[in-house]
Amino acid sequence: MTNDIGLHEWSHYCHNFHHGEYRAYIHGELAASGPFSVPHKVPLPVKGIITIGQEQDLLAGGYDTDQSFRGHIAQVNIWSRSLTPEEVRVQAGCAKSPIGNIFSTDREAVELLGGATVELVDHSYFCRKDVEYVIFPEARYMAESRLTCNRIGYEVYTPLNRADNIVLHQESLRFAENCLSNYHLWIGVTDQEEEDVWRKFTDNSIAETQFELNEPNGGTGENCMLMFLPNGLWVDTSCVIKWPACVPCEVDRTSPLRLRGFCFSNEAETFYEVLGYRGEKPYLHGYYGFMVYRSSNYTWEMFDTTVGEVVGILDVPSKDSYPIGRHTWTLRRSMCNYLIGSRIPLSFSICDNDEFTCANGDCIPKERRCNAKDDCSDLSDEEDCQFIVLPKGYRSERPPDNETEGLAINLASVVRVLRFMEISDIRRVINVEFTVEITWNEPRPKYYNLGDTLEWNKLSETDRGKLWTVKLQFPNVYDGNIKLLSEELYLNKIAGPMPPDYNNVRMDTVYHGKSAMMVQRLHYSGIFACTFDVFYYPFDSQHCFLQLQLSVRRELVKFSEEKAQVEYLEDPKLPAYILKGIFITVLESGSNETRYSMLNVEFVLARRWKMIVLTVYLPTAMLQLVGYTTLFVNVALMDVSVLT
Ligand SMILES: [Ca+2]
Ligand SMILES: [Ca+2]
Ligand SMILES: [Ca+2]
């Protein structure tokens, strides 16, 4: 029986127990059935009490506000026999007002508790489907008027017929002064699609028009509709020429407004709707007893009716403003973790949990948040696009903890050697340019609105400065010759976001700290000492090293041996040497007490002896050969330049 209950609609339920079978009807239709056995029979005492709308925990338990039904209940009946499906259908259709032979709220004496009230209505009322509307009494142009309705989930209203039009006209008169003109009210129709065929904004159906004499007269230049104040009849008008008027919004209960920014444990506590007027303005009513209404020209108030207390106030820029969208409220009592007097952001919008709430209350798909394109009309989707939110007490000098207590965190690493600038056996150094990519998990922050690629999730220098990152030292650098050319930090998304938090004021996409890896890219150029052994020159082979050591003790952070890689993608034939091999190992350095994890990159270099012979020995040999040969030829026949 967990079917969605339509709010502001009457529902008819019937529970039927008959000869070991149970049947449940909703709106007169069979919804569930099955065998039913009664373990023991409870005798019903004559003149007993039936409690309605209260979860009592035990037979004849007490009354508790928190466990009470909120809403309207009517016509509770109990019969001593099983109703036929046809009888149930007739009752659900309001054709007949039923009276139960054992119990009926229409007959028995009712005692009211907890502020409940009684109202008498005709039984046909339960099946009536009235179109409701609420008039927003501020003069706005057509597009803004429609937005006013849309942002609370409603649409511009159109009366169904002449009678409804008269009702709307009559009601609009109380606001006429605010609507600034003789054409005072927008009507929710347009003939944009097909000239002179007026369709409703609500469902695109053709409307029954109520034209004033000599109207419509604007042809394709007038495709919107205004009501004429003196008689309530309609006149066509331009949709684009700026004409201010008030607007009636047709109530749509399918998607309630949501209040976000507090810490409600039940999502329905965030639901609000426009219920009527207070202080000549529509006001918002929360499902759980909060009310939000205009308290003075430039102030709105949030009021908790369950305890009779003002929760907070909002200063608005104009007397026509509503608290729809994101605004900073001032608390008049403590709420959640906020103290009295706190200024906190709250949002009212119809945005779903999978939508981002623009500052003006519009909704866009979450993927469009921080995607470098403007999607909210107020551009607010591209504001505050930071990726990280640090917890209170985050210390950037402290590395993250390993999940297993007492173990160091492991860093994955890739050293990419880009080029050798110099290999000098005379200076005994190698000069290399390289990058180091180090990856680890930083579970402490929360990550926001991550993109799918690493490049997209590049952290700003400011964000980078707030986080713990790897600092490297170079034990075998030559004469301090190391230069950090660039440093970048990225987030690599490895898991999906947390379920949407309906209390999040903007409905950002939030990731748990474990759902992304931190990727640090360092680009260096440096000269490293190397012991060249030239005993076998020119057939010598050299081993040079590049050592990268962490500056945090090994017990806390270390390089992973399995996840250490080295790459060199260029031509291994270097001037004077061939790179025969390149290896990476994880070592430790430091004294016994304080040890540091270190990457040791080894280059095996073999001298290119063929080239040495050609460039050094061979020319010498040739010179001698030429020298000897010339003894046997006439010098005058030789090209003189050869020997000079
Ligand atoms: Ca027209
Ligand atoms: Ca006209
Ligand atoms: Ca965007």
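Placement of Cβ uses the backbone N, Cα and C atoms for every residue, glycine included.
Taken from TrEMBL as is:
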- C351-C363: disulfide bond (DISULFID)
- C358-C376: disulfide bond (DISULFID)
- C370-C385: disulfide bond (DISULFID)
- 1-127: domain 'Pentraxin (PTX)' (DOMAIN)
- 133-239: domain 'C-type lectin' (DOMAIN)
Residue distribution over DSSP helix, strand and coil in the domain 'Pentraxin (PTX)' (1-127): 16 helix, 25 strand, 86 coil
Candidates near ligand 3 among the disulfide-bonded residues C351, C358, C376, C385, judged by a Cβ under 6 angstroms: none
Nearest of the disulfide-bonded residues (C358, C370, C376, C385) to C351 (disulfide bond) - Cα to Cα: C358
Between C376 (disulfide bond) and C363 (disulfide bond): CA-CA distance (Å): 8
For C363 (disulfide bond): DSSP state (helix, strand, coil): strand
Sequence-distant neighbours of C385 (disulfide bond) in its chain (C-beta under 8 A, six or more apart): R369, C370, N449
Other CB atoms within 10 A, centred on C351 (disulfide bond): 22
Integer mean pLDDT for the domain 'C-type lectin' (133-239): 96
Position of peak Cβ density within 10 Å, selected from the disulfide-bonded residues C358, C363, C370, C376: C358
Secondary structure content of the domain 'C-type lectin' (133-239), with strand meaning DSSP E or B: 28 helix, 30 strand, 49 coil
